[in-house]
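The feature compositional bias 'Basic and acidic residues' is assigned by TrEMBL to 90-101. Positions annotated as domain 'CAND6/7 N-terminal' by TrEMBL: 32-178. Per TrEMBL, the feature domain 'GOST seven transmembrane' maps to 195-437. Residues or ranges marked as region 'Disordered' by TrEMBL: 90-115. Taken from TrEMBL, the feature signal peptide applies to 1-20. Annotation source TrEMBL lists transmembrane segment at 197-216, 228-247, 267-290, 302-321, 333-356, 377-398, 410-431.
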Amino acid sequence: MATRLPLLLLLLLAVAGALAFPAAAEIKTESFREDPRASIMFEKFGFSKSGAVRIIVTGAAVSSPVARADPKQLGFFLLSDESLLHAIDEAQEGPSREKRAAATNGGGEDPDGGSAGAGAGCVLSSPYVKKLFTFHDMKGGHYNKSFPVTRPDEYTLFFANCAPEALVSMRIRTEMYNVNADGSKDYLPVGQAPVPAIYGFFAFCYAAFLAAWGYLTLSRDRVNAHQIHHLMSGLLVARLLYCLSAAEDQHYIRVTGTPHGWDVAFYLFQLVKGVVLFAVIALVGTGWSFLKPVLQDREKKVLMAVIPLQVTANIAAAVIGETGPFLQGWVTWNQILLFVDIACCCAVLFPVVWSIRSLRETSKTDGKAARNLSKLTLFRQFYVVVIGYLYFTRIVVYALKTVASYKYRWVSILAEEVATLAFYLFMFYTFRPAEKSHYFSLDDEEEEAAEMVLREEEFEL
(Lines of atoms letter the chains of each structure in order from A and count residues from 1; the text may use other names and numbers.)
(Lines give C-alpha, C1' and ligand atoms only; values in the text may rest on other atoms or scores of the structure.)
Protein backbone atom coordinates (compact mmCIF):
# COMPACT_ATOMS: atom_id res chain seq x y z
CA MET A 1 0.00 0.00 0.00
CA ALA A 2 2.85 2.38 0.76
CA THR A 3 4.04 2.16 -2.82
CA ARG A 4 0.55 2.90 -4.14
CA LEU A 5 0.18 6.22 -2.38
CA PRO A 6 3.07 7.91 -4.21
CA LEU A 7 1.46 6.79 -7.47
CA LEU A 8 -1.81 8.50 -6.57
CA LEU A 9 0.04 11.65 -5.55
CA LEU A 10 2.00 11.45 -8.78
CA LEU A 11 -1.12 11.35 -10.90
CA LEU A 12 -2.79 14.12 -8.96
CA LEU A 13 0.34 16.19 -9.59
CA ALA A 14 -0.06 15.50 -13.29
CA VAL A 15 -3.61 16.84 -13.17
CA ALA A 16 -2.45 19.92 -11.25
CA GLY A 17 0.34 20.44 -13.74
CA ALA A 18 -2.08 20.27 -16.65
CA LEU A 19 -4.13 23.06 -15.13
CA ALA A 20 -1.44 25.23 -13.61
CA PHE A 21 1.12 25.82 -16.32
CA PRO A 22 1.26 25.79 -20.12
CA ALA A 23 3.21 23.22 -22.04
CA ALA A 24 6.77 24.32 -22.67
CA ALA A 25 9.49 22.58 -24.59
CA GLU A 26 12.72 24.40 -23.99
CA ILE A 27 15.70 22.12 -23.78
CA LYS A 28 16.11 21.72 -20.03
CA THR A 29 19.18 20.78 -18.04
CA GLU A 30 18.72 20.15 -14.33
CA SER A 31 20.73 18.65 -11.49
CA PHE A 32 19.44 16.69 -8.50
CA ARG A 33 21.45 15.82 -5.41
CA GLU A 34 20.20 13.19 -2.95
CA ASP A 35 16.59 13.89 -3.90
CA PRO A 36 14.15 11.77 -1.85
CA ARG A 37 10.98 12.42 -3.87
CA ALA A 38 8.99 9.43 -5.07
CA SER A 39 8.11 11.21 -8.30
CA ILE A 40 9.38 14.22 -10.23
CA MET A 41 7.30 15.82 -12.95
CA PHE A 42 9.38 17.47 -15.68
CA GLU A 43 7.20 18.91 -18.42
CA LYS A 44 4.19 18.47 -20.68
CA PHE A 45 4.31 18.41 -24.44
CA GLY A 46 1.77 18.03 -27.23
CA PHE A 47 3.07 15.56 -29.78
CA SER A 48 2.14 15.03 -33.39
CA LYS A 49 2.47 11.59 -35.00
CA SER A 50 6.18 12.20 -35.55
CA GLY A 51 7.40 13.30 -32.13
CA ALA A 52 10.34 12.23 -30.00
CA VAL A 53 11.79 12.50 -26.49
CA ARG A 54 15.51 12.61 -25.89
CA ILE A 55 16.91 12.10 -22.40
CA ILE A 56 20.57 12.41 -21.44
CA VAL A 57 21.49 11.36 -17.89
CA THR A 58 24.98 11.71 -16.42
CA GLY A 59 26.39 11.03 -12.99
CA ALA A 60 23.39 9.02 -11.80
CA ALA A 61 23.79 7.56 -8.31
CA VAL A 62 21.44 6.08 -5.73
CA SER A 63 21.96 5.77 -2.00
CA SER A 64 19.67 4.26 0.62
CA PRO A 65 20.08 3.89 4.39
CA VAL A 66 17.78 0.85 4.38
CA ALA A 67 19.03 -1.51 1.70
CA ARG A 68 20.61 -1.49 -1.72
CA ALA A 69 18.10 0.06 -4.10
CA ASP A 70 16.82 -2.03 -6.99
CA PRO A 71 17.73 -0.04 -10.15
CA LYS A 72 14.65 -1.42 -11.92
CA GLN A 73 12.50 0.60 -9.50
CA LEU A 74 13.91 3.94 -10.64
CA GLY A 75 13.23 5.24 -14.12
CA PHE A 76 11.52 7.59 -16.54
CA PHE A 77 8.13 7.28 -18.18
CA LEU A 78 5.55 9.22 -20.21
CA LEU A 79 1.92 9.56 -19.18
CA SER A 80 -0.62 10.68 -21.76
CA ASP A 81 -3.72 12.70 -20.95
CA GLU A 82 -5.79 9.91 -22.49
CA SER A 83 -4.40 7.39 -19.99
CA LEU A 84 -4.48 9.72 -17.02
CA LEU A 85 -7.99 8.83 -15.78
CA HIS A 86 -7.32 5.10 -16.13
CA ALA A 87 -4.11 5.47 -14.14
CA ILE A 88 -5.93 7.40 -11.39
CA ASP A 89 -8.57 4.66 -11.17
CA GLU A 90 -5.79 2.08 -10.89
CA ALA A 91 -4.11 4.08 -8.14
CA GLN A 92 -7.34 4.39 -6.16
CA GLU A 93 -8.19 0.72 -6.49
CA GLY A 94 -4.68 -0.45 -5.66
CA PRO A 95 -4.66 -0.07 -1.86
CA SER A 96 -7.96 -1.90 -1.33
CA ARG A 97 -6.91 -4.67 -3.70
CA GLU A 98 -3.60 -5.08 -1.85
CA LYS A 99 -5.39 -5.23 1.51
CA ARG A 100 -7.58 -8.04 0.20
CA ALA A 101 -4.55 -9.88 -1.15
CA ALA A 102 -2.72 -9.50 2.15
CA ALA A 103 -5.69 -10.83 4.09
CA THR A 104 -6.05 -13.77 1.74
CA ASN A 105 -2.38 -14.68 2.03
CA GLY A 106 -2.36 -14.21 5.78
CA GLY A 107 -0.07 -11.36 6.70
CA GLY A 108 1.08 -9.53 3.61
CA GLU A 109 3.01 -12.13 1.59
CA ASP A 110 2.11 -12.44 -2.06
CA PRO A 111 2.02 -15.85 -3.82
CA ASP A 112 5.56 -15.30 -5.12
CA GLY A 113 6.96 -14.87 -1.63
CA GLY A 114 7.40 -11.08 -1.60
CA SER A 115 5.53 -8.43 0.30
CA ALA A 116 2.15 -7.57 -1.15
CA GLY A 117 2.41 -5.13 -4.01
CA ALA A 118 6.21 -4.76 -3.81
CA GLY A 119 6.75 -4.83 -7.58
CA ALA A 120 3.27 -4.24 -8.92
CA GLY A 121 2.84 -1.13 -6.79
CA CYS A 122 5.45 0.85 -8.72
CA VAL A 123 4.12 3.20 -11.35
CA LEU A 124 6.75 1.92 -13.77
CA SER A 125 4.84 -1.38 -13.93
CA SER A 126 1.50 0.27 -14.72
CA PRO A 127 0.03 -0.67 -18.12
CA TYR A 128 -1.17 2.90 -18.56
CA VAL A 129 2.25 4.53 -18.72
CA LYS A 130 4.90 4.42 -21.45
CA LYS A 131 8.08 3.32 -19.65
CA LEU A 132 11.19 4.74 -21.30
CA PHE A 133 14.06 3.26 -19.29
CA THR A 134 15.20 2.46 -15.75
CA PHE A 135 18.51 2.84 -13.96
CA HIS A 136 19.07 -0.85 -14.74
CA ASP A 137 19.57 0.16 -18.41
CA MET A 138 22.33 2.64 -17.61
CA LYS A 139 26.03 2.06 -17.99
CA GLY A 140 28.18 3.65 -15.33
CA GLY A 141 25.44 6.10 -14.38
CA HIS A 142 25.14 7.46 -17.93
CA TYR A 143 22.37 7.23 -20.52
CA ASN A 144 21.65 8.92 -23.86
CA LYS A 145 18.78 7.88 -26.09
CA SER A 146 15.85 9.23 -28.11
CA PHE A 147 12.41 7.63 -27.92
CA PRO A 148 9.88 8.04 -30.75
CA VAL A 149 6.30 9.06 -29.96
CA THR A 150 4.02 7.99 -32.78
CA ARG A 151 0.63 8.34 -31.11
CA PRO A 152 -0.50 12.01 -31.08
CA ASP A 153 -1.49 13.24 -27.62
CA GLU A 154 -0.23 15.44 -24.81
CA TYR A 155 2.29 13.58 -22.67
CA THR A 156 3.93 14.40 -19.36
CA LEU A 157 7.48 13.27 -18.63
CA PHE A 158 8.06 11.84 -15.14
CA PHE A 159 10.83 10.32 -13.12
CA ALA A 160 9.69 7.65 -10.63
CA ASN A 161 11.55 6.48 -7.53
CA CYS A 162 9.85 3.40 -6.11
CA ALA A 163 12.83 2.19 -4.06
CA PRO A 164 12.24 2.60 -0.30
CA GLU A 165 14.00 5.69 1.12
CA ALA A 166 16.28 5.94 -1.90
CA LEU A 167 18.11 9.23 -2.51
CA VAL A 168 18.81 10.06 -6.15
CA SER A 169 21.59 12.22 -7.56
CA MET A 170 21.91 12.93 -11.29
CA ARG A 171 22.23 15.53 -13.99
CA ILE A 172 19.60 15.34 -16.71
CA ARG A 173 18.99 17.02 -20.06
CA THR A 174 15.57 16.64 -21.68
CA GLU A 175 14.41 17.44 -25.20
CA MET A 176 10.84 17.03 -26.44
CA TYR A 177 10.02 17.91 -30.02
CA ASN A 178 8.07 17.10 -33.16
CA VAL A 179 9.75 16.41 -36.50
CA ASN A 180 8.64 18.53 -39.46
CA ALA A 181 8.19 17.22 -42.99
CA ASP A 182 11.63 18.56 -43.98
CA GLY A 183 13.28 16.70 -41.08
CA SER A 184 13.80 19.77 -38.88
CA LYS A 185 12.86 19.75 -35.20
CA ASP A 186 9.97 21.82 -33.83
CA TYR A 187 10.34 22.33 -30.08
CA LEU A 188 6.91 23.94 -29.66
CA PRO A 189 3.97 21.67 -28.79
CA VAL A 190 1.35 21.31 -31.53
CA GLY A 191 -1.05 23.43 -29.48
CA GLN A 192 1.37 26.36 -29.41
CA ALA A 193 2.46 26.34 -33.05
CA PRO A 194 0.54 29.58 -33.90
CA VAL A 195 1.75 31.44 -30.78
CA PRO A 196 4.74 33.27 -32.34
CA ALA A 197 2.48 34.56 -35.14
CA ILE A 198 -0.19 35.63 -32.62
CA TYR A 199 2.27 37.70 -30.59
CA GLY A 200 3.79 39.12 -33.78
CA PHE A 201 0.37 40.24 -35.03
CA PHE A 202 -0.49 41.96 -31.76
CA ALA A 203 2.94 43.62 -31.67
CA PHE A 204 2.01 45.17 -35.03
CA CYS A 205 -1.39 46.24 -33.63
CA TYR A 206 0.21 47.94 -30.63
CA ALA A 207 2.74 49.66 -32.88
CA ALA A 208 -0.12 51.17 -34.91
CA PHE A 209 -1.98 51.98 -31.67
CA LEU A 210 1.09 53.74 -30.27
CA ALA A 211 1.55 55.77 -33.47
CA ALA A 212 -2.06 56.98 -33.35
CA TRP A 213 -1.88 57.73 -29.63
CA GLY A 214 1.41 59.58 -30.07
CA TYR A 215 -0.17 61.72 -32.79
CA LEU A 216 -2.99 62.67 -30.38
CA THR A 217 -0.84 63.41 -27.34
CA LEU A 218 2.15 65.02 -29.06
CA SER A 219 0.53 66.82 -31.99
CA ARG A 220 -3.20 67.25 -32.49
CA ASP A 221 -4.32 67.48 -28.84
CA ARG A 222 -0.98 68.30 -27.28
CA VAL A 223 -2.45 71.21 -25.28
CA ASN A 224 -5.00 68.94 -23.62
CA ALA A 225 -2.61 66.04 -22.94
CA HIS A 226 -1.86 65.45 -19.26
CA GLN A 227 0.68 63.39 -17.37
CA ILE A 228 -1.65 60.40 -17.26
CA HIS A 229 -1.79 60.37 -21.07
CA HIS A 230 2.00 60.18 -21.31
CA LEU A 231 2.00 57.34 -18.77
CA MET A 232 -0.56 55.60 -20.98
CA SER A 233 1.89 56.02 -23.87
CA GLY A 234 4.47 54.23 -21.73
CA LEU A 235 1.96 51.41 -21.20
CA LEU A 236 1.60 50.96 -24.96
CA VAL A 237 5.39 50.90 -25.37
CA ALA A 238 5.68 48.25 -22.65
CA ARG A 239 2.92 46.16 -24.21
CA LEU A 240 4.50 46.43 -27.66
CA LEU A 241 7.90 45.33 -26.36
CA TYR A 242 6.27 42.52 -24.38
CA CYS A 243 4.58 41.12 -27.50
CA LEU A 244 7.76 41.47 -29.55
CA SER A 245 9.89 39.68 -26.96
CA ALA A 246 7.25 36.96 -26.54
CA ALA A 247 7.14 36.40 -30.31
CA GLU A 248 10.94 36.18 -30.54
CA ASP A 249 11.16 33.98 -27.43
CA GLN A 250 8.65 31.48 -28.83
CA HIS A 251 10.21 31.60 -32.31
CA TYR A 252 13.70 30.74 -31.08
CA ILE A 253 12.37 28.02 -28.79
CA ARG A 254 10.52 26.56 -31.76
CA VAL A 255 13.60 26.50 -33.98
CA THR A 256 16.45 25.81 -31.55
CA GLY A 257 14.87 24.72 -28.26
CA THR A 258 16.38 27.67 -26.37
CA PRO A 259 15.20 31.32 -26.18
CA HIS A 260 18.66 32.83 -26.95
CA GLY A 261 18.24 35.44 -24.22
CA TRP A 262 14.80 36.58 -25.30
CA ASP A 263 13.35 35.07 -22.12
CA VAL A 264 15.16 37.80 -20.13
CA ALA A 265 13.54 40.52 -22.26
CA PHE A 266 10.20 38.71 -22.02
CA TYR A 267 10.17 38.63 -18.21
CA LEU A 268 11.51 42.19 -17.99
CA PHE A 269 8.76 43.66 -20.18
CA GLN A 270 6.17 41.42 -18.54
CA LEU A 271 7.14 43.07 -15.25
CA VAL A 272 7.09 46.59 -16.71
CA LYS A 273 3.74 46.24 -18.48
CA GLY A 274 2.16 44.66 -15.39
CA VAL A 275 3.32 47.45 -13.07
CA VAL A 276 2.39 50.23 -15.52
CA LEU A 277 -1.02 48.69 -16.31
CA PHE A 278 -2.12 48.49 -12.69
CA ALA A 279 -0.72 51.97 -12.03
CA VAL A 280 -2.66 53.41 -14.98
CA ILE A 281 -5.91 51.71 -13.90
CA ALA A 282 -5.47 53.06 -10.35
CA LEU A 283 -4.56 56.59 -11.50
CA VAL A 284 -7.34 56.81 -14.08
CA GLY A 285 -9.73 55.62 -11.38
CA THR A 286 -8.69 58.55 -9.18
CA GLY A 287 -9.00 61.08 -12.00
CA TRP A 288 -5.38 62.11 -11.47
CA SER A 289 -4.00 64.90 -13.69
CA PHE A 290 -7.08 65.27 -15.91
CA LEU A 291 -9.53 65.96 -13.04
CA LYS A 292 -7.30 66.73 -10.05
CA PRO A 293 -3.59 67.61 -9.85
CA VAL A 294 -2.56 65.60 -6.78
CA LEU A 295 -3.35 62.27 -5.17
CA GLN A 296 -4.78 61.76 -1.72
CA ASP A 297 -2.76 59.85 0.85
CA ARG A 298 -4.91 56.74 0.60
CA GLU A 299 -4.53 56.73 -3.19
CA LYS A 300 -0.76 56.97 -2.84
CA LYS A 301 -0.86 54.00 -0.46
CA VAL A 302 -2.68 51.92 -3.08
CA LEU A 303 0.09 52.63 -5.59
CA MET A 304 2.75 51.87 -2.99
CA ALA A 305 1.05 48.51 -2.39
CA VAL A 306 0.33 47.58 -6.02
CA ILE A 307 3.84 48.16 -7.39
CA PRO A 308 5.74 45.81 -5.00
CA LEU A 309 2.94 43.25 -5.34
CA GLN A 310 3.35 43.29 -9.11
CA VAL A 311 7.10 42.92 -8.76
CA THR A 312 6.56 39.90 -6.49
CA ALA A 313 4.01 38.39 -8.88
CA ASN A 314 6.38 38.69 -11.83
CA ILE A 315 9.27 37.19 -9.88
CA ALA A 316 7.00 34.24 -9.08
CA ALA A 317 5.97 34.00 -12.75
CA ALA A 318 9.62 33.96 -13.83
CA VAL A 319 10.48 31.20 -11.33
CA ILE A 320 7.51 29.13 -12.52
CA GLY A 321 8.24 29.70 -16.19
CA GLU A 322 11.99 29.04 -16.07
CA THR A 323 11.89 25.98 -13.83
CA GLY A 324 8.96 23.60 -13.62
CA PRO A 325 7.30 21.09 -11.32
CA PHE A 326 10.64 19.36 -10.73
CA LEU A 327 11.65 22.33 -8.54
CA GLN A 328 11.00 21.74 -4.85
CA GLY A 329 8.66 24.52 -3.74
CA TRP A 330 7.21 24.98 -7.23
CA VAL A 331 3.66 24.65 -5.89
CA THR A 332 4.42 27.33 -3.30
CA TRP A 333 5.48 29.74 -6.04
CA ASN A 334 2.18 29.04 -7.85
CA GLN A 335 0.27 29.86 -4.69
CA ILE A 336 2.24 33.10 -4.24
CA LEU A 337 1.48 34.12 -7.82
CA LEU A 338 -2.23 33.42 -7.41
CA PHE A 339 -2.50 35.27 -4.10
CA VAL A 340 -0.54 38.32 -5.26
CA ASP A 341 -2.44 38.59 -8.53
CA ILE A 342 -5.79 38.54 -6.72
CA ALA A 343 -4.51 41.15 -4.25
CA CYS A 344 -3.48 43.46 -7.13
CA CYS A 345 -6.82 43.06 -8.87
CA CYS A 346 -8.67 44.01 -5.68
CA ALA A 347 -6.34 46.90 -4.84
CA VAL A 348 -6.73 48.74 -8.15
CA LEU A 349 -10.52 48.80 -7.77
CA PHE A 350 -10.41 50.84 -4.55
CA PRO A 351 -9.58 54.21 -6.24
CA VAL A 352 -12.52 53.80 -8.64
CA VAL A 353 -14.86 52.95 -5.76
CA TRP A 354 -13.63 55.95 -3.77
CA SER A 355 -14.15 58.26 -6.76
CA ILE A 356 -17.72 57.04 -7.25
CA ARG A 357 -18.60 57.46 -3.57
CA SER A 358 -16.96 60.87 -3.40
CA LEU A 359 -18.87 62.09 -6.44
CA ARG A 360 -22.09 60.73 -4.98
CA GLU A 361 -21.58 62.71 -1.78
CA THR A 362 -20.52 65.86 -3.68
CA SER A 363 -23.60 65.75 -5.89
CA LYS A 364 -25.79 66.34 -2.84
CA THR A 365 -24.19 69.67 -1.96
CA ASP A 366 -22.48 71.47 -4.86
CA GLY A 367 -25.52 72.04 -7.10
CA LYS A 368 -23.85 70.71 -10.26
CA ALA A 369 -26.10 67.77 -10.91
CA ALA A 370 -25.43 67.37 -14.65
CA ARG A 371 -21.66 67.40 -14.28
CA ASN A 372 -21.74 65.00 -11.33
CA LEU A 373 -24.12 62.66 -13.14
CA SER A 374 -21.73 62.54 -16.10
CA LYS A 375 -18.76 61.86 -13.81
CA LEU A 376 -20.63 59.11 -12.00
CA THR A 377 -21.66 57.47 -15.25
CA LEU A 378 -18.10 57.66 -16.60
CA PHE A 379 -16.46 56.11 -13.54
CA ARG A 380 -19.17 53.52 -13.12
CA GLN A 381 -18.67 52.35 -16.71
CA PHE A 382 -14.93 52.21 -16.15
CA TYR A 383 -15.43 50.22 -12.93
CA VAL A 384 -17.63 47.65 -14.70
CA VAL A 385 -15.24 47.31 -17.65
CA VAL A 386 -12.20 46.86 -15.36
CA ILE A 387 -13.99 44.11 -13.43
CA GLY A 388 -15.02 42.45 -16.69
CA TYR A 389 -11.46 42.59 -18.03
CA LEU A 390 -9.90 41.19 -14.85
CA TYR A 391 -12.54 38.46 -14.64
CA PHE A 392 -12.06 37.45 -18.27
CA THR A 393 -8.26 37.36 -18.20
CA ARG A 394 -8.08 35.56 -14.83
CA ILE A 395 -11.09 33.22 -14.90
CA VAL A 396 -12.29 32.73 -18.48
CA VAL A 397 -8.79 32.44 -19.96
CA TYR A 398 -7.85 29.94 -17.23
CA ALA A 399 -10.99 27.94 -18.06
CA LEU A 400 -10.04 27.92 -21.75
CA LYS A 401 -6.61 26.55 -20.85
CA THR A 402 -8.16 23.69 -18.89
CA VAL A 403 -11.01 22.67 -21.21
CA ALA A 404 -9.40 23.19 -24.63
CA SER A 405 -7.83 20.24 -26.37
CA TYR A 406 -4.04 20.17 -26.31
CA LYS A 407 -4.15 20.98 -30.04
CA TYR A 408 -5.86 24.31 -29.33
CA ARG A 409 -3.93 25.69 -26.34
CA TRP A 410 -3.20 28.78 -28.45
CA VAL A 411 -6.87 29.77 -28.23
CA SER A 412 -6.47 30.94 -24.61
CA ILE A 413 -3.50 33.14 -25.59
CA LEU A 414 -5.45 34.63 -28.50
CA ALA A 415 -8.49 35.26 -26.27
CA GLU A 416 -6.36 37.02 -23.64
CA GLU A 417 -4.65 39.24 -26.22
CA VAL A 418 -7.96 40.15 -27.90
CA ALA A 419 -9.53 41.02 -24.53
CA THR A 420 -6.49 43.10 -23.53
CA LEU A 421 -6.49 45.05 -26.79
CA ALA A 422 -10.24 45.68 -26.49
CA PHE A 423 -9.80 46.92 -22.91
CA TYR A 424 -6.96 49.23 -23.96
CA LEU A 425 -9.06 50.65 -26.81
CA PHE A 426 -11.95 51.36 -24.44
CA MET A 427 -9.78 52.95 -21.75
CA PHE A 428 -7.68 55.03 -24.13
CA TYR A 429 -10.70 56.24 -26.12
CA THR A 430 -12.73 57.08 -23.02
CA PHE A 431 -9.90 59.05 -21.39
CA ARG A 432 -8.26 60.44 -24.52
CA PRO A 433 -6.77 63.98 -24.47
CA ALA A 434 -9.58 66.54 -24.66
CA GLU A 435 -10.85 69.66 -22.96
CA LYS A 436 -12.08 68.98 -19.45
CA SER A 437 -15.65 69.64 -20.54
CA HIS A 438 -15.41 66.76 -23.03
CA TYR A 439 -15.73 64.16 -20.29
CA PHE A 440 -18.82 65.75 -18.79
CA SER A 441 -20.54 67.68 -21.60
CA LEU A 442 -24.19 68.15 -20.66
CA ASP A 443 -26.32 71.14 -21.64
CA ASP A 444 -27.82 73.47 -19.05
CA GLU A 445 -31.24 72.27 -20.10
CA GLU A 446 -30.37 68.82 -18.81
CA GLU A 447 -29.45 70.07 -15.34
CA GLU A 448 -32.94 69.57 -13.93
CA ALA A 449 -33.25 66.13 -15.48
CA ALA A 450 -29.89 65.17 -14.02
CA GLU A 451 -30.99 66.28 -10.56
CA MET A 452 -34.01 64.00 -10.85
CA VAL A 453 -31.80 61.08 -11.86
CA LEU A 454 -29.44 61.64 -8.94
CA ARG A 455 -32.34 61.73 -6.53
CA GLU A 456 -34.02 58.62 -7.92
CA GLU A 457 -30.99 56.43 -8.72
CA GLU A 458 -28.41 55.35 -6.23
CA PHE A 459 -24.95 54.88 -7.71
CA GLU A 460 -24.04 52.21 -5.26
CA LEU A 461 -21.70 49.33 -6.05
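Each residue, glycine too, has its Cβ placed from N, Cα and C.
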Handout entry: Average pLDDT across the domain 'CAND6/7 N-terminal' (32-178), rounded to a whole number
Key = 80
Exercise for the section: Flag the pair the transmembrane segment (377-398) / the transmembrane segment (267-290) as in contact if three or more Cβ pairs fall under 8 Å (sequence separation 6 or more). Expected result: yes
Problem - Spatial neighbours of the transmembrane segment (267-290) far in sequence, C-beta under 8 Å, 6+ residues away - result: 226-229, 231-232, 234-235, 238-239, 241-242, 245, 296, 299, 302-303, 306-307, 310-311, 313-314, 317-318, 321, 344, 347-349, 351-352, 354-355, 379, 382-383, 386, 427, 431, 436, 439
Exercise for the section: Kindly say whether the transmembrane segment (302-321) and the transmembrane segment (228-247) touch, using the definition of 3 or more Cβ pairs under 8 Å where each pair is 6 or more positions apart. Expected result: no
Problem - Distant-in-sequence neighbours of the transmembrane segment (228-247), which means Cβ under 8 A and at least six residues beyond its ends - result: 196-197, 199-200, 202-203, 206-207, 209-210, 213-214, 217, 262, 265-266, 268-270, 272-273, 276-277, 279-280, 283-284, 288-290, 417, 420, 424, 427-428, 431-433
